[in-house]
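Visitor: What TrEMBL lists as region 'Disordered' is B:1-36. The feature transmembrane segment is assigned by TrEMBL to B:47-70, B:107-128, B:140-161, B:181-200, B:235-257, B:293-316. The annotation domain 'ABC transmembrane type-1' is assigned in TrEMBL to B:103-315.
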Amino acid sequence: MNRSLTSIAALASVALMATACSDPAAEAEGGGSAGGGAVEWPEPTADLDGVTLTLWAAQNSTTIPEQVTAAFEKATGAKVEIVTIPDPYEQSVQTRVATGDKPDLAFWQPTASMLTALNADTNLQPLDGAPWIEELQPELQDMTGLLDDTRYAALISSPSVEGVYYNKDVFAQHGITEPPGSFDEMVDLARKLDSAGVTPFYGMAGDRWATQWWVQVQLAGAAANGFWDDVNSGEKSFESPVVLDAITRYRDLVEEGLFNDDLATATFEEQGDALLAGEAAMALQVNSFFGQLQAKADTATLNEKIGFFPISPSGNVGTYIPDQSNALVAFRSGDEQKEAAARQLLAFWMGPGYEDFVAGQGTISLKPDVPTPDSVPQALLDAHASLGDSVGSMQALAAANPDLYLNLADMVAGEMTPKEVAAATQDQFEQLASAAGVEGF
Amino acid sequence: MATEHETVAGAAPGQPAPDGLPPGGSGGKVSRTTSAERRERAAHPGWFLAPALVVMVVFFFVPTVFNFVYAFTDWSSFKSEINPVGFDNFVELADSGTLFASLRITVVYAVLVAIFQNVFGLILAVLLERDTRLNRFARAAFFIPVLMSALAVGYIFQAFLKPEGALNALIGALVGHEVTTAWLGSTTWTIVVVALIHAWKWMGLSMLIYMAGLKTMPGDVLEAARIDGASPWKAFWAIRFPLLAPAVTFSVATALLGSMNGFDVVQATTEGGPARTTEILNIFIYRTFGQGLFAQATTMSLVLFLMVALFAFPVIKILRRREEIL
């Protein structure tokens, strides 16, 4: 290779380094809607001829916006392209955004930790003063979607709640007429069922993610007393007795044999089948589990067979955990017209388009003056009703979102002790909190 | 050859050159070689390198340099600024045991894959060496997995090995009662199973490499061995296997170093489970990256790069030494 070629190569690489050595996602800064100032909200049906919006959705949320965006296109002349981002959705979106690839709108978990993970301050449009907020049920208005007192996410459907789905037939066969009133009562009931030869709880540690509900519902009381604020400030941690006890209790219940024998390898899908078939009495889960049941059985069957009760150590208190399919965020694209159009779509969705959206999706209405369709099963209505006095989950209230579920799944597989689970989770929490610039980490 | 011949002719006895040097000596030789070089240079101009070089620089060299640079920063999805942090990422990683656990798993996995893939490949090459019609068909069949998508292979095996999967149904039919073994559920043996799947996918390639080695072996040596009364077994281990050394070098090195960079088969079969016992470094990197900790993930991939380099040199050196006897 001759010398001039070497120098060209060297020059090229230096030039590339110089241009690439900044975060490409930060490019939009300064352009488009500036943070801080009042946000303008266009008329929901104002003319948008020639504007194309891109909306990112996950595999399980991609059909949700179809109907409402079609109505929006018809009303405004805009074009909305729904792009399905492959699972794992959050990872894929974060990676794309990090390289500067951004949509106009996207489904996103509206919790503070997940908004931080998207660098909301730089990448997302503030949605302050959104016209539909006051039309929502009061307890839902500021439940989620906020980071540092700025609204970044629009809640579109009933946020998920951690609670127990149970098979009514199994309860009835064993003379149980009332759902248990506290975590301890539920464990007593489980022992009674176990001695009668029924699998009390069906877990799915093979798919891992639902293991964390068992610890989180036990923390409901602490969460109500500001436990997560103390974790965020470093005063308390995942190694504090209250968490460690909850983890240990979960392991003890597993070791006592109150779960299905194949707990360590069982999957989400198998959990749904097992509860519907009455192979087990209860499953501690979130709304997406019921979504799975809805795909397997019709509303009448579900109303007849499946019930729901929230649970916590002190009583029937739910733990809310809004997920990706519950909310949307609008990105700062640097193009003012598109940014305004994105806000307009949200205003249309939650305004004139909301009634049709709720009816079409067969989902619970968040607005008291928009009726919930009759096709919504009772268990979902019960889950929604428990939101009023529910408390926040780790995802909703902690400053960062460590992989507690992975460590718990390892514990169920016999590879970790409760102490190790707590320590590993706290380590990761600190690492994430430090990266997120949380004070004190 | 021509130069040498002319030199010899020029220095014909009885005609000594006036200055004691053969006519058309070193001077002529040099000019001839340079003209040959010039001809070669004209046929292979340096700028032919440019397209390949540009691709190499843009898609390999620059990213690798960035990999070094970003490992010393706090780049994350949480904020826009990227600040240098010195060796913080390395210290943090060294402190948490996860990195070393993953490194250990990666090495175990790579060694297992290298062994399985090469043993299977060699056996297949020897079995299918003769050019019969059946063998040609079998060679093609064993090479098909190499062409398949690794993710597809992984998902097929995942379904095949499920507790309610086809393998258990097959065994159940043979033994006469239901079998529900979770082949990918053991925290000890799953890594072996996944390494076997990886080796199964790539064994066709090793087979091809070994077969090429076997086919180019000098026939007279083997014939001499036969005449000397060596049994086929003896002839294989004493003559054919040592003669395969260059093929072994290539096949073992690519299998070992390639599987250190493995990801797809493991992701599709176990996603690193059960209980993270198959979490090779690339799965760990993927998980960390997905949490928005880009700098930490970059640091890990730098560690992986260094580890592969660290392994590559001694392994290739040792294997090369085996070739010296040839």
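Cβ coordinates are placed from backbone N, Cα and C, and glycine is handled just like the others.
Bear in mind that the values here come from a model prediction, so they are computed numbers and not experimental data.
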Visitor: Sort out the residues at least 6 away from either end of the transmembrane segment (B:47-70), same chain, that have Cβ-Cβ distances under 8 Å to it, and list them.
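Guide: Sequence-remote neighbours of the transmembrane segment (B:47-70) are 82, 294-295, 298, 301-302, 305.
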Visitor: Of the stretches B:140-161, B:181-200, B:235-257, B:293-316, which racks up the most C-beta pairs under 8 Å with the transmembrane segment (B:107-128)?
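Guide: Comparing B:140-161, B:181-200, B:235-257, B:293-316: B:181-200 has the most Cβ pairs near the transmembrane segment (B:107-128).
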Visitor: Same chain only, please: residues at least 6 beyond the ends of the transmembrane segment (B:235-257) with a C-beta under 8 Å from a C-beta of the stretch. Say none if there are none.
Guide: 110-111, 113-114, 117-118, 121-122, 126, 199, 202, 205-206, 209-210, 212-214, 217, 221-222, 225-226, 308, 311-312, 315-316, 319-320, 322-323, 325-326
